[in-house]
Amino acid sequence: MQRWPVLLFLAWVCFLFFAGIGLFMSGFLLTRIELASSSSCSDPFVPPSWERQSLPPGSCWAPQRFSKAVLVIIDALRFEFAHFNPAKASPRPYENKLSFLHHLVTSQPRHARLYRFRADPPTATMQRIKGLTTGSLPTFIDVGSNFATYAIQEDNLLAQLVQNGRRVIFMGDDTWEGLFPKKFFRSYFFPSFNVKDLHTVDDGILQHLYPTVDSGEWDMLIAHFLGVDHCGHKHGPDHAEMAKKLTQMNEMLRSLVEHLGNDTLLLVAGDHGMTETGDHGGDSEKEVNAALFVYSKTPLFGTGPPEEPEAVAQVNLVPTVALLLGVPIPYSNIGEVMAELFSGDGDAVSAALQQLLVYHINAKQVDRFLHSYSLVAQDLPAEQLQHLQDLFSGAVEEHAQLLAQVQRPTLVPPELESRLGSLIGRFQLYLREARAVCTQSWARFHPLRMVGGCTLIAASCLLCYMASELATASDSFYRSCLLYPLLWGLVVAVLLGLAHAFTQNGLDLLLVSSWAAAASQLGFFWHWWGWHPKRARLVGSQPPLANVSLRQRLQAWLQLAFPMGILLFRCGAMFSDSFVVAEARVAPFLLASLVMLLIGKLHWDGRLTVPEGPKQQLLGFSSYRREIWYLLCLVAMLLVCVRLSSFFHQCREEIPQCRPSLFLSPLASLRNTRAKNLFYLLCVALLAGLVCAVRSWLRHYGNLNSSDPLVLFVRWGFPLVVLCIACYWAVASSADDSLGKLQELVQVAVVAFPWAVYGLASVGLLLLLCNPMTVFAKDTRESAGSIVTPYLGVPSSEVDFLHVIPQIYKRMQESQKSCLERGGCRATVAAYGLGSVYSAALVIALTLLGFLLMLLHSERLSLAFLLLFLEAFVLLHIHTRARGLAGDAEPFSVPWYAVISWLLAASQFFYSTGHQPIFPAIHWNAAFVGFHLDHSTNLLPAVLVGANTFASHILFAVSCPLLLLWPFVCEMPSSQRKKPKKEPREELQEVEEHMMEMRLRESPEKFSIALLQLGLKYLFVLGTQLLACVCAAMILRRHLMVWKVFAPKFLFESLGFVVSSICLLLGISLVMRVDCAVSTWFSQLQLR
C-alpha cells in the first residue's frame, strides 16, 4: 500500500481549501480601520462665544460637573431585572429584586433615573466593554476573539482619564486586564471564564469595594460583577439562584450609596441582556436590552422622570461621562451625549444653553472623526458624508447666530425657548444620522479577496471530483498529480517571498499561501490536461460510450443524479435565511429522502424482486427477495432514529414558539430528586449498554481473543471509563446540594473524575496507535518446513508481501483441506479477528472518542450520542445491503449516496446534540469539565469547546473509512444462510470466497486508491456545502440577516470543515497504521 502519497495528496487538498477559507475571511470579516489619533484638551472644540469664558480647573472642553465617578457593571443585567413593577403580586425569580433602585427613583426623582440601555450586537462581553469605553461599534469578527483579548489601541475613556492625571481603580472581570494593560492606578482582577462559578468574582469585589470608596484615593472606580451572568449561563434567569444573586446586588447598591460623597456620580449598567436560557451574543431583543441607572446625591435632572424609561444607546455613555468628568471625548466616539444630565439647577433657558454647548462639542468631535476616517477608508458613502456635513454646518452656523442674539437680548423668552429647542433637535438629528451611516457601512468588505477565496474553494471542489473519478485510471496518478502541483506552488511561494524581501514590504502569509494554492491548482489542471490525451489513447481499444445501451447509460446517470440532486438542493437552500434557521429539521428530512430514493432506485432497477418460475415469468409475476425485508427493517430503524434525535434540539430566537429540549440542561438543574435519579440511572445504563454492544461486536468477529495490551484495555479499561463518567455525573449533579467538608470533597471529585477519563482515553488511544492489531494467531503447524517458498526477486517490501500473502492463505486452506480429508487437524494456522482488523481499530477509536465527547456534554445528551452510534450502524448496514442487492462490481469504490448520507447524518447530529450555528448556543461549560479554576491559556478551553461543538463532525469524519470497510466485514454474515448440504471440497471452496477485509490486502494499490477516492469524495461534499455558504455570504452581504444568519452559518461551516478534514486524515491514517501493523504481522508469520 502506498501510504504517504495518499496522505500527502489529501493533506494538500485540505491546504487548498484552508487557503480559500482564509482568503475569503480576510475579505468578508475585516475589522474597521482604527484611527491612532487621540483627543486632547487643546483641541478647539468650544464655540467662539464661549472661548472667552474660562473653564474651571481640571476641565476640558466643558465645565466639570463631578470630580469622581463609580461605574458598576452588573454583567447581563437585563432591563427587566432592574425594572420594578409593584403591581406584580407573584413576580418571577428575576423580577422586583432591585427594589433599591426603584426607591431612589421614586423618592429622589431629580437625582436618579433608570434607562433602557441598548447594546449593539454582538452582545459578547469583550465587544460591549469596547463599546462602553471607546464610544464606537465593534465589528462582527471581534466576537471570535472574545476570550483572546488584545489591548485596545484606539482612543478610549480610560486612556483620556489617565492622560489627564485621573486615578482609575478597577475590580472584577479579568477581561479588562487584557484590554487595558497598565492603565489602572490599582486593580483587583478575578478569573472570569468559569461560568459555573457564581461567587468568586462578586465576593472578591465586595471585599475591596467599600474600603476603596472610603479611602478617597481614586477618581474613577469600575466594578464589574459577573455573578448574574454566570447564574444565567448555569441556571437560566428563571431560577432561585438568580433571585439570590439579584438580591445580593440590591444590598450591594444600598450599601454603596451610603459610602458615596456629594461630588460622586454613580452609574449602574448592564453590558448586555440574556435570553430565556441565559445565553447572549446575538441581537435578539432580550440580549440587547440592558439597564442603565444614574444617580447622584446632588440634583442631576431639571425635571422628573418620564412615564416610560427612555432608551439610550450604550455608546452614548462615553461622551456623557467624559464631559461630566471634564476630560475630552475619545477621538473615535460616535455616541450622542445624554444632554439631560447637563441641565443644572437654573431656569429652562440656561439649561437649554448648557445642553447646546455639549451638543456642539459632541457634534464637532463626531464631524472631525468622520472627516479623518473618510481620508483613510472609502467605505462611507460620499453623498451621505456630504449630507451630514451640510447638517453639521447649518447647525453650527445657527448656533453661532443664536448665541450672538442671546448676548443682545432681542428675543423674548417664548421665542428663545422655541429656537433653542429647534436647534437642539438639529444637533440630535445630525448625531443620530452620523451613527446610522457608520452602522450601515462599518463592515469594510474586500470584494477582490472574497472572489479570490470563493474561486479557490470552487476550484478545490472541482479538483476533488476530477481526482476521485480519475484516480482509478492509473496506479501512479495521485503520485504524479501531486509532485508537479507542489513544485508549482513552492516556486510561486519562493518568488513571492523574494519579491517581498527585495521590496522590504511586510510578508502577508495569507496572500502567499493563497497564491501558492492557486499555482498548485493550475499545476494540477495543466498536468491533467497533458495526461488526459494519453489516457484516452490507452483506453481507445475499449468499446466507445456509444456502444453502451441507453438503459445502462440512464441507470448510470440516475445513480449519480439522485444523491447529487439532494446535495445541490441542500446547497441551493443555503441562500435562504429561512432554510438556515430551520436546517435542524431539513437535514434529517434530506437524509430520510435520500435513503428512500435509494430504495426506489433499487426497485426501479429490478434489484428487489426475483422471478418465481417460467409460468410466473410468462405472466409477469415476481416475488421480493428475502433480503429486502431486512433492508426495510433497517430503513424503519433509521427513520425511528431520525425521529428520536429531534427531541434533543436547541432553539433559535427567530422561532419564538420553539422551546429548547429539556435534555439540554444538566441533571443539577432538576429540582425533582426522583426524576434526577431516574435520568441518571437511564444514562448510566445506556452508557454501559454501549460498551457491551462494542465488546459483543468485537467478540463476534474474534477481536477479543488475544492478550495484547489493547485487547486487555477493551476488556477492563472500557468498564473503568464508564465507571469514572458515571461517578462524575453523580457528583456534578449533586454538587450544589452538598455542604461543609463534603462540598470540598465534591469539588475535588468534579475535577478528578474527568481527568481520570482523559487519562484512560489517552492510554487507550496510545495503545491503539502503538499496536492496533487485535488478532489472535493459533499456530499448530509442524516446525519442519517453511510456510512459503522463497522469493528470489529484487528485495522490495511491497513485492515481497504481494508474493507472501497469497501463499499464507494457500497454506491455511491446504491445512483446512487436509483436516477435512483426514478427519482431524494436526497442523493449522488460525487467525482470529484478521478479517475485521481494520474495522475493529476504528470501532475502538470511535468508542474512546465517544466517551470523551459525552463527558463534555450534559448528562442527558449521552442519549443523543447513543442514537448517533445506532444510526451510523444502521446506515452502514443499509449501504452494505444496497450494494449487495445492486450487484456492485466495484467493491473498492464507495458510491456517492453513501458519502452524502454520511455527511447528512453528521449535520443532523450537530443539531441533535444541542447545537445551532449561532454564538449564544455554544456550550461554554465544556471548557471547565475537569477544571475548577480559570485556565492559564486559551488553547485548552478552545479545544474543549470546539470538541463539544463539532462532536458529530469528529465522529463521522474519523469513522468515514468504515464506508469502505463495512461491506467486506459483512461478507461472512451475509453468506450464513440455509443451503443444501455440500461435500467438504465444496465447503472449502466457499470458505475461500469469504476473506472479509483481507481482500483489501490482495490488491494493495486498489486499497490505497480506494482510500484516496473516499477521502476526496468526502472533501468534495464538505467543500460543496462550504462553497454554498461562502457564495451566500458574499452575494447577500448587504442582506438584512447577513450578520444574524449567513455570517454565523459561514463561520460554523468553515470551522466544521477544518475539524472534519483533520479528523478525516486521522481516520485514514489509523487505517494505514493498522495496515502497517498487518504487514509486520505477516512478515513475522513468514519467519516462523
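Every residue gets a Cβ built from N, Cα and C, even glycine.
In TrEMBL, annotation is done automatically, which means it is predicted and not curated.
Copied over from TrEMBL:
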type     : residues  : note
TRANSMEM : 6-30      : transmembrane segment
TRANSMEM : 450-470   : transmembrane segment
TRANSMEM : 482-502   : transmembrane segment
TRANSMEM : 509-529   : transmembrane segment
TRANSMEM : 628-649   : transmembrane segment
TRANSMEM : 710-733   : transmembrane segment
TRANSMEM : 745-769   : transmembrane segment
TRANSMEM : 837-856   : transmembrane segment
TRANSMEM : 863-882   : transmembrane segment
TRANSMEM : 894-912   : transmembrane segment
TRANSMEM : 950-969   : transmembrane segment
TRANSMEM : 1016-1036 : transmembrane segment
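Here the transmembrane segment (894-912) sits against the transmembrane segment (628-649); at least 3 CB pairs are under 8 Å, leaving out pairs fewer than 6 apart in sequence. Taking every listed stretch (450-470, 509-529, 628-649, 710-733, 863-882) in turn, the largest tally of C-beta pairs under 8 A with the transmembrane segment (1016-1036) is reached by 450-470. Between the transmembrane segment (628-649) and the transmembrane segment (509-529), fewer than three CB pairs separated by 6 or more residues in sequence fall under 8 Å, so the two stretches do not touch. Counting residues 6+ beyond its ends, the transmembrane segment (863-882) has Cβ neighbours under 8 Å at 595, 598, 602, 627, 630-631, 634-635, 637-638, 641-642, 644-645, 648, 663, 682-683, 686-687, 689-690, 846, 850, 853-854, 857, 895, 898, 901-902, 905, 909, 912-914, 951-952, 955-956, 959, 962-963, 966-967, 970, 974 in the same chain.
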